[in-house]
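**Student:** I'd like to ask you about the structure that follows.
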Amino acid sequence: MAAAAELSSSSGSERSLEQCSSPLLTREVLCEVFRSLHTLTRQLNLRDDVVKITIDWNRLQSLSASQPALLLTALEQHVLYLQPFLAKLQSLMKENSTATEIRQTEAETKSELRAIHPTEDLQDEGKPKDCDVGDVKKTQNLFDPEVVQIKAGKAEIDRRISAFIERKQAEINENNVREFCNVIDCNQENSCARTDAVFTPYPGFKSHVKVSRVVNTYGPQTRPEGIAGSGHKPTGMLRDCGNQAVEERLQNIEAHLRLQTGGPVPRDIYQRIKKLEDKILELEGISPEYFQSVNFSGKRRKVQPPQQNYSLAELDEKISALKRALLRKSREADSMAAHLP
């Protein structure tokens, strides 16, 4: 019984001692934390006018001690908050050490080159005259890493190139849809902006493709006729309008539009050219690929037989005539069947 009483009394005294020392230990840890802040400012050489931490140690000792669990949680959160900054500083130190090693290697290589080829044998700095090919290649490989603008790996560069191509393709697709298709039916499996095109005129134009008209304020048309044709001898091309440049323009446009050449020439030749050029501009505004298959050459194109080429109006007229003939034959057949007994 006496031994049990002694054990209980000793354990109770130890428990009371721990309870008394726990607030003191917590207060001591808190004081050391604030002292570390003072130490940090001194290590960073920060003056009092930059960072000033004022702590009343007497009042801090007299304050009631905080709970150890609360202090532990606060310190752990603070350490976790500082860990990303530690990682950034470590990576920065590695980069600085790598740059320092590169500069040291460059300096050593330059010193070796100077030792092998003294300055008396060099006419210009950076242009060795008696160096062998290997030393010249070494000097060419030396460069400042700060000059490199794109610091990325091959995979990243390939990703950027593919992203650029995809973005440009998306812009082209969007432009085709905007210019050639008014409404897109997303439920269709097979569709295209060109095949499903709905004629939507471009704002300010008669077509759905933006075109620009060039106005030449100075050119052959503004010059006197005597100056324009004074230095040229008359050739076979001058028999139509009397001006070689104008005749060439007419031939190019007529070949471009596949018009039948010959016939009476209007009196105002420039008005004729203007009408032809306006027609080309209108057709190219409807579709840029309208004349894509036309190949220009220096020679004039041969005129195809008129019976092989038909316009839309001529085709419509032939179709309507064929319908009328078939309708007339069917009526005649019906009338003959009605007269039969």
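Including glycine, each Cβ sits where the backbone N, Cα and C put it.
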**Student:** From the ranges 89-103, 134-148, 149-163, 269-283, pick the one that Swiss-Prot records as region 'Leucine-zipper 1'.
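**Tutor:** Swiss-Prot lists region 'Leucine-zipper 1' for residues 269-283.
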**Student:** Where does Swiss-Prot put N6-acetyllysine, among Lys110, Lys129, Lys299?
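**Tutor:** Checking Swiss-Prot against Lys110, Lys129, Lys299, the N6-acetyllysine entry points to Lys299.
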**Student:** Of the ranges 24-39, 312-327, which one does Swiss-Prot list as region 'Leucine-zipper 2'?
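**Tutor:** In Swiss-Prot, residues 312-327 carry the label region 'Leucine-zipper 2'.
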**Student:** Express the distance between the Cα positions of Lys323 (SUMO2 cross-link) and Lys151 (SUMO2 cross-link) as a whole number of Å.
**Tutor:** 74
**Student:** Compute the average pLDDT of the predicted model within the region 'Leucine-zipper 2' (312-327).
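**Tutor:** Reported value for the region 'Leucine-zipper 2' (312-327) is a mean pLDDT of 89.
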**Student:** Which entry in the list of recorded sites, Lys94, Lys151, Lys323, has its Cβ near the fewest other Cβ atoms, using 10 Å as the limit?
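**Tutor:** Sparsest of the recorded sites Lys94, Lys151, Lys323 by Cβ contacts within 10 Å: Lys151.
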**Student:** May I ask for the distance between Ser91 (phosphoserine) and Lys151 (SUMO2 cross-link), taken between their Cα atoms and rounded to an integer number of Å?
**Tutor:** 16
